[in-house]
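Residues or ranges marked as Fe cation binding site in TrEMBL: B:His43, B:His45, B:His98.
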Amino acid sequence: AVRSPRPEAWGRAAASRGRRAARRLVLSPRRLAGPLPAGLAQWFPALEELDVSGTGLAELGAELLALPRLRTLLAKNNRLGGPGSLPKGLAQAPLGRSLRVLNLSGNRFAEVPPALLGLRGLQSLSLGGNRLHGIPPDIQELRSLEFLYLGGNFITSIPPELANLPSLSYLVLCDNKIQSIPPQLAQLHSLRSLSLHNNLLTYLPREILNLVHLEELSLRGNPLVVRFVRDLTYNPPSLQELAGRTIKTRNVPYAPSDLPENLVRYLSLASNCPNPKCGGVYFDSCVRQIKFVDFCGKYRLPLMHYLCSPECSSPCSSASQSSTSQSESDSEDEASVAARRMQKVLLG
Amino acid sequence: MNGNVLLTNALSFRYTRNLVDSGNGKFNLMILCWGEGHGSSIHDHTDSHCFMKILQGNLKETLFEWPEKKGNGEMVKKSERVLRENQCAYINDSIGLHRVENISHTESAVSLHLYSPPFDSCNTFDQRTGHKHKVKMTFYSKFGERTLCATAVPQENN
């Protein structure tokens, strides 16, 4: 490794044969007087890792583009974030193909820089401790991403496109302003660790139980619903819905010639009530309800369910049952599934 | 021991506990390596003395009161502080419970822990309810060697 050469000595360092073969260059944490020199790729053509963290840089320029072997770029704690912080043509350059690890934490990015979304080989990206208010749907372009750290920003919501990252194993979203998790995140089959602590979550989508490889889930510091909540919102079903439900549940026979085309289509959209003990269906009118699931016999997590009616919350529930009941017998099936699948929950 | 060596060797999903010395059975001395955002559960110390020194970075310690016997409410925070490099802290069960976290999103942290007598299980607590749960504690490495079964049993805390 070459350690912190003074800018005026770089020419001398590059001239020495030993230095030309350098694979790792650490400039951190010395403050640099100006931007990185233009001759960087010429002087250190074999460079695989470059650490410019804490050097005060306001931009990373074209001098990086010609580093054909660079795999790791660490640029934490700088002044990056304005337009032109990353060089144009980043994804198309040799650097764009070789880069595997990019750490831009502790900078001033207000949005995920579009320039880096073309880095199809990138495996690890950190933008922790910046000023992000959201995640662009095009994050799905980072096809090789395994590790994504976005903790400590101002993110309010998660785009469902994040679930299209096939290799994502480690997702950190702690210390943000997230109010809900899109159910599509359950498609992240490779996810091993999900960090959601210190956000604004009141419940989780029930699909989270589908993340079979999830080993860790941190949820502390969220205003999670603790007591049973009935009927968050429920608009009574329309006459059309009631008729549709009757046709479906009573198996009333009909042929496409019997009904206008729009009603035939409507009838095909019936969803089954997820309550396994109810054979009901619903169309548009459903109840969003919080149901508690025990994980590892340890914690009760509120998951959001869609049920066909307020009466459908549990097999032994009725209108007379206390609305503050916390134990639900029909959550046992769910709980044993959950306990098997979710090995560890960090709620503390 | 250079904590950086332990940190850069493997991407662990959470902080790692690395045993340095088991002191003739009278104490355990270990190094904990905390990645960005890593934190422990709220836990007790099984009637042992616990000393902690920050070797690198910063760790936030939040102290909690023991929950009521039949408690079913939010646990009560007593105090919190950020421990800086080279600072030391001490806790035992008569002082209370605590949670330790690396709240930095840019820096990892390394801490040195001394427990006497040694213990391999403790209770973790749900902050929202005070409900406690006994867990076994495991080591990511012992005396510089990676332990093989570390991922089979969930590591819980320091």
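Yeah, the Cβs are placed from backbone N, Cα and C, and that goes for glycine too.
Around B:His45 (Fe cation binding site), the same-chain residues six or more apart in sequence whose CB sits under 8 Å from its CB are B:Ile91, B:Asn92, B:Asp93, B:Tyr115, B:Phe119, B:Cys122, listed in sequence order. Taking Cβ-Cβ distances under 8 Å and a sequence gap of 6 or more within the same chain, the neighbours of B:His98 (Fe cation binding site) are B:Ile42, B:His43, B:Glu61, B:Thr62, B:Leu63, B:Phe64, B:Ile91. In the shown protein chains, 23 other C-beta atoms lie within 10 A of the C-beta of B:His43 (Fe cation binding site). Annotation note: B:His45 (Fe cation binding site) sits in a coil segment as assigned by DSSP.
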